[in-house]
Amino acid sequence: MSGLMFRFPFRRFVATMPDKTKYIAKSGTYPKGFLINGVSSGVKAKGALDLTMLVSEKPCNAAAVFTKNAFQAAPVRVSRETLQQTKGQGIQCLVVNSGCANAVTGSGGVQDARLITALADKAVLGRGDGGLPSTLVMSTGVIGQRLKMDKISSGVMKAIEGLGSSHEHWMRGAKAICTTDTFPKVVSQEFSVNGQTYRIAGLAKGAGMINPNLATLLGFFATDAPVAVEAVQQILREAVDKSFNAISIDGDTSTNDTIAFLANGASGGPEIDVSSPAYEELKQSVTGIAQKLSQLVVRDGEGATKFVTIRVRGAATEADAKLVAATISNSALVKTAFFGEDANWGRILCAIGYSGAIVNPKATSVSFVPADQTESLRLLVLGEPQNVDEERASEILSHDEFGLDVDLGSGNHETVSWTCDFSYEYVRINADYRS
């Protein structure tokens, strides 16, 4: 066999990258009593924005959810420690840097994160040593490198000088937390609870290492509604479960994931706790904005050309529904088929089958759903393969947005998740990340 060379046909697929600038917020409605700024500290090259500071004029009730990765980054450990010490009360500042993750940096990295907290507490609030901390910290970027604290320290002071509440200030804050993101992610809205109008805004960064249970995903929400600390914690957990924990880009889970929620009550009104009639209304508003923000993260997936909504119905349990959705979302074979606009639905069934959920093949149905919500294209009905119109399948998959519907026929539980495709560009971005 030596000396023989076999040539196989190779179909090179070239997809047009969708225009993502349409997702950039042109204006916003922002919560009272919060100031923000994004600056260049010098951690990133060429003067790129790399440090964001959010300050509340009033003490906030706050909560956060963190990565489940065993190698939790120093800022994750320090922010978790701060929330435990303060019981989520009295938080007034948030500092986020990009370009260096301060992860797997040992005790020195933890000391650096604590130093940022102390620096912000003193510079913004005039607090010296001895009191409880009031600043949360987040970092994102390359793992295994220590922060350049001289640059971070000067960046904090620089950010303080330019704090403001305009749309431009919020956009600068969003840009400064980005790494491989192609656009800043800002969502804001007004909402009413018991006739009282409040505002909420959210920022997030993330384009790679995104997987349910959080990933290289940083974000925070700020509202001027008066929310009890227990309600802040519960609302954030439930909102994240239906948003950031329901997305996937590449199946990797980072060391730095953090989503925080701060409520300063600057707009007044009675405090909302878990037993208040307004609690459910508030939770729905926060969940809605969390879903919008998390979907922007998927739309900005590294090299992504497709945004796919995966709906799983008829599961025996909610856990089974989530398991099937997550397995499909993370399948490299499914995602590459989406990129190639190839209706290779066998890959989808394969993922469903190995998901670990209770699956009855004879009860399972699968369909592609067009973006315009016209008639679905049935691929499998009660375990029986359909005569698939390949031309229509290709037409559905040619759009930059479509859906996949899975009915397991085993119960009445359902879930929805969002994912994207894998393109050549994803490989290029991650192969060159440190260069």
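Think of each number as a place in line: the chain as shown, counted from 1.
Every residue, even glycine, has its Cβ placed from backbone N, Cα and C.
Feature annotations, reproduced from Swiss-Prot:
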type: ACT_SITE; residues: THR216; note: active site, nucleophile
type: BINDING; residues: THR179, LYS205, THR216, GLU302, ASN430, SER435; note: substrate binding site
Nonlocal neighbours by CB distance (under 8 Å) for LYS205 (substrate binding site), same chain, sequence gap 6 or more: SER98, THR140, ALA174, ILE177, CYS178, THR179, ASP181, LYS185, LEU217, LEU218, GLY219, VAL297
Helix, strand or coil at LYS205 (substrate binding site) [DSSP, three-state]: strand
GLU302 (substrate binding site), number of other Cβ atoms within 10 Å: 25
